[in-house]
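*Asks:* Relevant sequence annotations retrieved from TrEMBL are reproduced here:
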DOMAIN    B:26-135  domain 'PurM-like N-terminal'
BINDING   B:ASP28, B:ASP73, B:ASP209  Mg(2+) 3 binding site
BINDING   B:ASP28, B:SER43, B:ASP73  Mg(2+) 4 binding site
BINDING   B:ASP45, B:ASP120  Mg(2+) 1 binding site
BINDING   B:ASP45, B:ASP73  Mg(2+) 2 binding site
BINDING   B:HIS52, B:GLU260, B:PHE315  substrate binding site
BINDING   B:GLY119, B:ASP120, B:ARG144, B:SER211  ATP binding site
DOMAIN    B:148-303  domain 'PurM-like C-terminal'
BINDING   B:ASP212  Mg(2+) 5 binding site
Protein chains: 2
Amino acid sequence: MKEFQLIEQFFKNKGQKRRDVMLGIGDDCALVQPAEGKVIAISCDTLVEGVHFFADMPAHALGYKSLAVNLSDLAAMGAEPAWMTLALSLPDVNQQWLADFSSGLFEAAEYYGVALVGGDTTRGPRCINVTINGQVPKGKALKRSGAKIGDWVFVTGSLGDSALGLDMLRNKQVIKPEHKEYLLNRHYYPTPRVLAGQALRGLASSAIDLSDGLVSDLSHILKASNVGAVIDANAIPLSSSLTESVGAEQALAYALTGGEDYELLFTVPEAQRGAIDTALLHAGVKFVKIGQICSGNKIKFTLDGQPFTPEFKGFEHF
Amino acid sequence: MKEFQLIEQFFKNKGQKRRDVMLGIGDDCALVQPAEGKVIAISCDTLVEGVHFFADMPAHALGYKSLAVNLSDLAAMGAEPAWMTLALSLPDVNQQWLADFSSGLFEAAEYYGVALVGGDTTRGPRCINVTINGQVPKGKALKRSGAKIGDWVFVTGSLGDSALGLDMLRNKQVIKPEHKEYLLNRHYYPTPRVLAGQALRGLASSAIDLSDGLVSDLSHILKASNVGAVIDANAIPLSSSLTESVGAEQALAYALTGGEDYELLFTVPEAQRGAIDTALLHAGVKFVKIGQICSGNKIKFTLDGQPFTPEFKGFEHF
């Protein structure tokens, strides 16, 4: 199967259509019409076999996740998803694998309204790069740099599930049958908080998506905003699947350093705190206050009201 | 060296600055301001070690070429280069290699006015993906689909040099010392015809860049435009380095199927033919008429005024 046929069969004229795509796959470039009064948000993420995913990861999940992790970056800016390109390197042409991958990719694309406008398919070690374009009203993007002393720190969803799902796949943790599907889905099918991100425009002072773990990603906000934070470890949202599987202490470790949650971490000034409930009501996502921005440049933790220093692998890096 | 440090040292705040980049590397997304009255042209190309380049390709050339091949796609649409993202997979962190790669990439970026706004660096088999964004006035983009019967067929520059340069590197051809540097540069440092592409807006009826070879790329225009073409093989521009190295017959084979020329192939209606000279004067590139669009859906060749069927490897595919 030649590249042209492969694109024709699995990627061209599939998935979400958008009126602002004036020319899609099949020319030297795609042409898209940006909306008036908006700026373009651009991000890209690469997934490499053996580094970011195992060779036996189901192709449907891989297709879905390749887009979801990029959508999560748009969510963290408060941007509306628009267009993507896909660079796909494959060691061979496996039609079933391609059908499944394409199906997972377009499932996410249709749900979030993204059009695939171009790409490149090449022979090579299995590797997927999605470059995503979103749009956000001028001056309304959520950045990492806006957190101020006194702002409240929030997160969406629950943390640590994806990392435990990964350890389950690696046979590093034995999980009860009733929790397996939930944890696997949290790892394979993360939910980018796209609507929540848009709802936070004008309310949140800063935002980031949790790809590397709470400690690491909160540190990015603190560095960019030149502030510190006090985090109440008791307030960090943990699923029952996580705590029942590994106990409270290890659950906290997963939540703080596990990574790949793709939840949003954001800060809100006191004056906007009341408006958050209403704004996020329609986004259909739980969120919870876990701390407050303070002076300094470090993260301090409390547990049961007492200062607390998490001690586990990974923490010393930050 | 961690990813953050690598980006900081080799990629962040380097190269071309643009006033329309409102937020560059370092947040979840970059933010860019599209120009009024223009549409965005998007393209991406991947280069995989062992497939698109040899492991010993100089990193400077690889950096330059990674961007140049994408700029060539913008040129073929008549678009002005604007922003790019870089997805870089590397098996290890070699600081000298990275310094050279970055230097080559930014040499092209500065010359053509492209800002690096984001990307992803990962561990993995060596692989480079650049996704480029350009801008083109609404309704003025050059497409593959506009060629009409009677239009003249033109190409820029000379064809086949890059493919011979590659065969020289592969030790498939022995080249005289006086031609080596020229052929190597044509392979390692292709010149994307960015200004020529912009100059052709409103004049050319269709355009494509020559990445796969004249026969293959002209076929894309014919298919998209639903027409045929008669090409005068004597008119195809060949460099003296090419003809002196391999003789006239083999030179033609390189020109027709060699690939990686990154010259422009375009069609011009008779009514615009006189305007082409003036328009391309400032683009600083030679161009020549090589044939005419006709009915049918095939490429017919003439040589010395007689019908001619090229017979060489690769031709039968089209």
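Glycine is treated like the rest: Cβ placed from N, Cα and C.
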*Asks:* Secondary structure at B:GLU260 (substrate binding site) (DSSP, helix/strand/coil)?
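*Replies:* Once the DSSP labels are grouped into three classes, B:GLU260 (substrate binding site) ends up as coil.
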*Asks:* What kind of secondary structure is the residue listed as 'Mg(2+) 5 binding site' part of, going by DSSP in three states?
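*Replies:* Reduced to three states, the DSSP call for the residue listed as 'Mg(2+) 5 binding site' is coil.
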*Asks:* List which of the binding-site residues B:ASP28, B:ASP45, B:HIS52, B:ASP73, B:ASP120, B:GLU260 have their Cα within 10 Å of the Cα of B:SER211 (ATP binding site), in sequence order.
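*Replies:* Cα filter at 10 Å returns B:ASP73, B:GLU260.
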*Asks:* Taking B:ASP45 (Mg(2+) 1 binding site) as the reference, which of B:GLY119, B:ARG144, B:GLU260 (the binding-site residues) have a CA within 10 A of its CA?
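*Replies:* The binding-site residues close to B:ASP45 (Mg(2+) 1 binding site) (Cα within 10 Å) - there are none.
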*Asks:* Just name the winner among B:HIS52, B:ARG144 (the binding-site residues) by count of other CB atoms within 10 A of its CB.
*Replies:* B:ARG144
*Asks:* Sort the binding-site residues B:ASP120, B:ASP209, B:GLU260 by C-alpha distance from B:SER43 (Mg(2+) 4 binding site) and give me just the closest.
*Replies:* B:ASP209
*Asks:* Are there binding-site residues in B:SER43, B:GLY119, B:SER211, B:ASP212, B:GLU260 whose CB lies under 8 Å from a CB of chain A, and which ones?
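*Replies:* Out of B:SER43, B:GLY119, B:SER211, B:ASP212, B:GLU260, B:SER43, B:GLY119 lie under 8 Å of chain A.
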*Asks:* In the domain 'PurM-like N-terminal' (B:26-135), how many residues does DSSP assign to helix, to strand and to coil?
*Replies:* 37 helix, 46 strand, 27 coil
*Asks:* Give me the count of other Cβ atoms within 10 A of the Cβ belonging to B:SER43 (Mg(2+) 4 binding site).
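*Replies:* Summing over all protein chains shown, B:SER43 (Mg(2+) 4 binding site) has 28 other Cβ atoms within 10 Å.
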